[in-house]
Amino acid sequence: MTGRHRLLTMEFALPAFFLVLTTIYLAQTFAIRGQSGAFWQGPRAMPIAASVLMYALLLVVLVRQVRQDTTPDQPGEILRPLLVMLATGAYIFLFQPLGYGLSTVLFVSALFVIFEFRTAQPAAFALYALIVTATFYILYAVIFGVRLPQLFGVI
Amino acid sequence: MDTFLSYFNGFAALTDPLNFAMLVGGFLIGTFFGAMPGLTSVLAIALLLPVTYQIDVVPALIMCASIFMSGMYSGSITAITINIPGAPSSMMTALDGNKLMRRGKGANALGHAALGSMIGGTLGAVLLMAFMPIAAKVSLLIQTPGKFALIFFALVVIVIVEKGNLAKAAIAMLLGLMIATIGIDDLLSVPRFTFGTESLIEGIDLMPLVIGAFAISEILVQAQNWRLDKAIDLDAVNRIKITRRDFIPLWSEVREIGIWLYLKSTIIGYLIGILPGAGGSMAAFVSYIEARRSSRKPEEYGQGSREGIAAAESANNAMCGGAFVPMLMFGIPGDPTTAIVLGVLVINGLQPGARLLENQADLISPMFAALIVSALILIPLTLYLLGPLFLKMVTISRGLLYSGIAVVALVGSYVATLSVFQMSLSLVLGILAFYMRRQNYSTVAMLLGFILGPDLEQYFRRAMSLSDDNPLIFLTSPDSLFFLLLTAAFVYMIVIRKPKSLPAA
């Protein structure tokens, strides 16, 4: 892999993300009010110390990555986790508007498709999706009495 | 005397039908999650965390204890039968257990694993109960600078046990510490890192972090490894034929292993349990190495040694008792499971420390009793009754399993606060944890940094306030100096000194 391409891999992307996160964090540290004259007793002390330490450690990790000749192969695929992330994001977005019942059936169905569970048997597929949805409805709404979001007053 | 009376009452509390149901239910859940490759008892307790908002603290703690004990033991089931440890703590058991399995002695190996777990788990819990009053007295002697140094020691140990990834473990720990600073500052009541949003004023709750780091990230990891997992030979599992009588170890084999080995491994496991971040894997590893070193038949280790199984399993279950000592007395969890148990305590308004045993022993004693009953009775009983079924667990469809876990995790993070924000936070932290795990950043270090960070900061600032901003207070205070020297000693022993190697498989 060429040097430029290696910089785009996760080995560099994650530390780079932490670097950005730490910079935002450090910038926000100076917006904290209530810092008195005694620096180490104030609310900024620990965040500043943590940020400085974080920069030093990220530098160590990045330098090590650059010195490595090759990028280790990551086993497994990346599309399936991405689909799980998208399905989960959609579930959270639709959880209140659609209610627990419908949104969960859709979410479970999406996961069944992603994990290739009974996709060739539509009746079993639908039955299992309903069973999973109903099981956790009974657990949370019936046993623990939690008010789950509803669609038109139904589950 | 009062303490021991409360311990007795703890056993009596287990006769309550709800508590008993939680004990047995937790044990079976822990066994299932521990035995299934890809699922862990940590995941089971993480999923239980939202449920603890809905039930009383005593049944919640009983359930946590039985999940912890059973999860630690049941990893050996798949480690022995299909050479895939259900939990990382069963790696050493797989070395010898699967060799015995291939010789047609699988049930015997499972029996020895259960016996080791039973002895280690029971004695570990007894040691916990015996030393808790002493630990409570010691905890009262530690002053503010000493408390800072103790937490600093814990964080350093959490990082250095991640040998080979020290910088990444430290980054993960600092990340957890940084996340913990979000919200109102405890000492001055000023908001920090809220970015003008009200949702962050109260800070980030433990639950979305636990659900994200241990449930959502696990589902994403399993999705990533989907094709690789399909390589597991399920037909081989279906071909295994075991009868109940085969599970009972022969007395001659137990005598050959020797009671001293069980005791020694238990003590090693218990002491390693007290160390923050070390966990069952290290307990099993150190105990296994020591057993091989002192064995009359070291050449059998890695080739189907029953001593090896007994040493590893006694130690990892004894670790359960040890891990509770620093958590209950100092608020320092030894591993992710006790970190989540700490969360259960805090959710219910209980603060770790000497006063916990003094004033609320009736709440924590049933948890100790649950550890003992799980180890002493439920481990051998369930192996005997359900052993043949345990082997079939790996044949359950992963697609169905992970879909169910995803629903429990997400709806669980909703029900605790009835907030979609918590669900979103769980997802964001889960995605972050997934990418961290891909790059070998320890999510356990992140969790423990998150839990210990606020105390570290609080005691540091208080100590500096006592000394007018003079950091020498950490060297002039005897308890603080002791923990700083202990930190240096551990850094020398674990990082600088030459490590021992793994036995050949």
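Quick reminder: no glycine exception, Cβ is built from N, Cα and C everywhere.
Where the annotation comes from TrEMBL, it is an automatic prediction and has not been curated.
Record features (TrEMBL):
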TRANSMEM  B:20-49  transmembrane segment
DOMAIN    B:21-448  domain 'DUF112'
TRANSMEM  B:61-82  transmembrane segment
TRANSMEM  B:109-131  transmembrane segment
TRANSMEM  B:138-161  transmembrane segment
TRANSMEM  B:167-188  transmembrane segment
TRANSMEM  B:200-221  transmembrane segment
TRANSMEM  B:267-289  transmembrane segment
TRANSMEM  B:324-347  transmembrane segment
TRANSMEM  B:367-387  transmembrane segment
TRANSMEM  B:399-421  transmembrane segment
TRANSMEM  B:472-495  transmembrane segment
- Note on the structure: The answer for the transmembrane segment (B:267-289), taking Cβ pairs under 8 Å and residues 6+ beyond its ends, is 72, 87-93, 95, 120, 123-124, 127-128, 154-155, 157-159, 161-162, 301, 308, 311-326, 332-335, 444-445, 448, 500, 502-503
- seg_contact(the transmembrane segment (B:138-161), the transmembrane segment (B:20-49)) with at least 3 CB pairs under 8 angstroms, min sep 6: no
- Item | Candidate ranges B:20-49, B:200-221, B:324-347, B:367-387, B:472-495 - greatest C-beta contact count to the transmembrane segment (B:399-421) (under 8 angstroms) | B:200-221
- Do at least three C-beta pairs under 8 angstroms join the transmembrane segment (B:20-49) to the transmembrane segment (B:472-495), pairs 6 or more apart in sequence? no
- Task: Take every residue in the domain 'DUF112' (B:21-448), average their pLDDT values, and give the whole-number result.
- Result: 86
- So which residues does the transmembrane segment (B:472-495) touch in its own chain, when a touch means Cβ under 8 Å and the partner is 6 or more beyond its ends? 141-143, 145-146, 148-150, 152-153, 156-157, 160-161, 163, 166, 463-464, 466
